[in-house]
Amino acid sequence: MPSKTIDHAFTARSLTSAATDPTFAGALSFMRRRFTKNLKGVEAVVWGIPFDAATSNRPGARFGPQAIRRASAIFDNDPQYPFSRDLFADMAMIDYGDCLLDYGNHHRTPATIEREAAKILTSGAFLLTLGGDHFITWPLLKAHAARHGPLALVQFDAHQDTWFDDGKRIDHGSFVARAVRDGVIDPARSIQVGIRTHAPEDFGIRLIYGHEVEEMTAAEIARAILDRTGGCPAYLTFDIDCLDPAFAPGTGTPVAGGPSSAKILSVLGKLGPLDIRGADVVEVAPAYDHADITAIAGATVAMYMLGLRAERRAAR
Ligand SMILES: [Mn+2]
């Protein structure tokens, strides 16, 4: 294998190069993209936010970015199913590493995340963030809305995350309430998929409950998302607890009765027309995982988000 190299996370000569690391070895950036803080010429960024102090039940999502990066080693340099292309043949993408947060000063966390996200977005790059618990979506939404205006929120989740919020809480269950109140999302263009818990408010957001996901086809769910968002700039947030605990046991607040990863990946694969301006995958907590089931699901969801981006780019 004379042309093969290893440790693309720091040896890659080009940001668009296909990696050839063996799945069982090599430095673990997300999908072996180069680790760098240099945003010059970069089209897409993967970034980790190792934060879980807002978790209401079991903590551990601060280890999510590490687990998802490690699980992403299963993606070799072949075209990634169902996308029939090397996602990075033309799309220059880096792994920006993690966000530095002070575990003793959580009141500073939202502003730090928002500021660092804004720095990445100012470069014009697409940002895909790996959480961390779902609180992180609040400062991420703020940074994206500052560029694009109020966003259509497409949320895959078992929970609505609309619990009471006084504007100061560090809570992974209230970012949607805050985002509606502060006008960073447009509830009339927003939709939540996989909901199977009750919350005090829905703010007029369209809900597709867990049992409806079971009854609808993937094409029907994708159509509902595309109809609801209506071509508006969208932010895609994927709480891994959208999936049934059988497919994602490694998470903080699992809820039985959810969809399979196959069903939801099929939905994601049909979202090509969605104008995704930013995305995240949150709530992967590897301490409760088994055989990397949840980390692999999270890495695959992230890969699909990049695949959609690469296909949209190629169609331009
Ligand atoms: Mn959530």
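Cβ atoms here come from the backbone N, Cα and C positions, even for glycine.
If you check TrEMBL, you get these features:
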type	residues	note
BINDING	His134, Asp157, His159, Asp161, Asp239, Asp241	Mn(2+) binding site
Taking 8 Å from the centroid of the Cβ atoms of His134, Asp157, His159, Asp161, Asp239, Asp241 as the cut-off, which other residues in that chain fall inside it around the Mn(2+) site?
Gln155, Ala158, Gln160, His172, Gly173, Cys242, Thr253, Val282, Glu283
Out of His134, His159, give me whichever of these binding-site residues has the highest number of other Cβ atoms within 10 Å.
His134
Provide the number of Cβ atoms within 10 Å of the Cβ of Asp241 (Mn(2+) binding site), excluding the reference atom itself.
28
